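According to TrEMBL:
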- B:33-182: domain 'Cytochrome c assembly protein' (DOMAIN)
- B:21-44: transmembrane segment (TRANSMEM)
- B:64-85: transmembrane segment (TRANSMEM)
- B:97-116: transmembrane segment (TRANSMEM)
- B:128-147: transmembrane segment (TRANSMEM)
- B:159-181: transmembrane segment (TRANSMEM)
- B:201-222: transmembrane segment (TRANSMEM)
Amino acid sequence: MPHAPFIIASFVVTGVGISWLVISSYLAMRRAEASADELRQQP
Amino acid sequence: MRRRVMHRFANPARFLRIAKPLTPWLLWLGIALTLGACLWGVFFTPTERLMGDTVKIIFVHVPAAWLGMGGWTGIAIASIVQLVWRHPLAGVSARAIAVPGATFAAICLITGSIWGRPTWGTWWVWDGRLTSMLVLFFLYLGYIALSNASSEKGDTSRVAAVFGIIGAVNIPIINRSVIWWESQHQKASITLGGSSIDQAYLVPLFVSVAGFSLLFGALVLMRMRTALAEMRIEARMRRMADY
Amino acid sequence: MKPKHQRLLLAVIAVFALLGAGLIAAAALREEASYFYTPTTLASANVAPGKAIRLGGMVQKGSIVRAADGVSITFTVQDKDKTQKVAYRGITPDLFVEGSGVVADGRLGPDGIFVADSLLAKHDENYVPKELADIDMNSAEHTKDTLSK
């Protein structure tokens, strides 16, 4: 059985999973902190 | 005295002073180490005696498995701290771990399945190790549902904490499964006594584990910061509504 | 729906997910036990030919014979006391080598040969580069000793 597809598939799955985690966590954090700071500016 | 030490970090403002500069460091170092270890593992390690090139899957499968299990251990410890000391950040950190932990458990299951097809001859078997790892994934889903359903404070958040502690029973089961049951999955290669993995694979594997761990830390910090910011917004809204 | 009811519903879902996972695991492990044989238990169990069972053991050294067609093989599964001859057609897993563990799904033929539909090969806990293992390519057992030398 050729090995390359299995190796590529594993690394792609891992890459997609971790990228999704990092990007979604980062965007959620930036959005939440921005609106928290914005609220603080208001009197 | 211990109470004082515990509560020094209980203050969210103090925690944020440390967490904010720490996040980019953990994140970039984690990304660099993970990418480096994967490139090293894929292109610069020898083929294995029996498995051939599929051995390279170890560099993502094993770190994902360890962090999937480590994540739940973290949830259990944070839940104990939350219940016993009422540490205000403990619950926040337990919740922050859940989604990354579940994702790493899923990555472990999927890459393991992909690895099993050419080497074992099957995508899946219901043996002790695979089944208990799948149970861990379901536990994460249950915990996420529970903690989403409960508010940040009060009784309902304690239900999630209790679930986190009880679910930790599964962690030693995963660890011992290959010894307790006659299983398809091989026994542990890396134990406290040493390793039966050749140096050529072991060194990049540890670099990969380090990279995944730093990334995990960065993810948890980011998610904690999100939760804290949302709590600040909520508190502010409530005060504005009171006027 | 009130938030409190929503929470309750989710808690119930979580409990059911947990129970379901546990039941699947228990059922799988029990089913596994009921039709798993080693050469020794198979020899004394008097299993009817044609009944689907699972056979596990070690691949006997020097027993793998590959037919000229390239896909048919025969080999012998052994445990401590007994052996059982197995026939299989298909691609073998990478870890299927003499001296290592194997689990075969299939049935006993009338001639006493076990006809396997699928083969599962087991890995041991050793990971060894190919160049280091050229001492004895067919032995999966000796690597630990070779490594520690």
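Numbering starts at 1 and runs along the chain as displayed.
Note that Cβ sites are derived from N, Cα and C of the backbone, with glycine treated the same way.
Note that TrEMBL annotation is computational and uncurated.
Under the criterion of 3 or more C-beta pairs below 8 Å, with sequence separation of 6 or more, the transmembrane segment (B:97-116) and the transmembrane segment (B:201-222) qualify as touching.
Residues 69, 72-73, 75-76, 78-80, 82-83, 91, 94-95, 127-129, 131-133, 135-136, 139, 142-143, 146-147, 150, 187-188 of the same chain sit 6 or more residues outside the transmembrane segment (B:159-181) yet have a Cβ under 8 Å from a Cβ within it.
When each of the listed stretches B:21-44, B:64-85, B:201-222 is scored by C-beta pairs under 8 angstroms to the transmembrane segment (B:128-147), B:64-85 comes out highest. Outside the transmembrane segment (B:21-44), and at least 6 residues removed from its termini, the chain residues within Cβ reach (under 8 Å) are 56, 58-60, 201, 204-205, 207-208, 210-218, 221-222, 225. Using DSSP to sort the residues of the domain 'Cytochrome c assembly protein' (B:33-182) gives these counts of helix, strand and coil: 122 helix, 2 strand, 26 coil.
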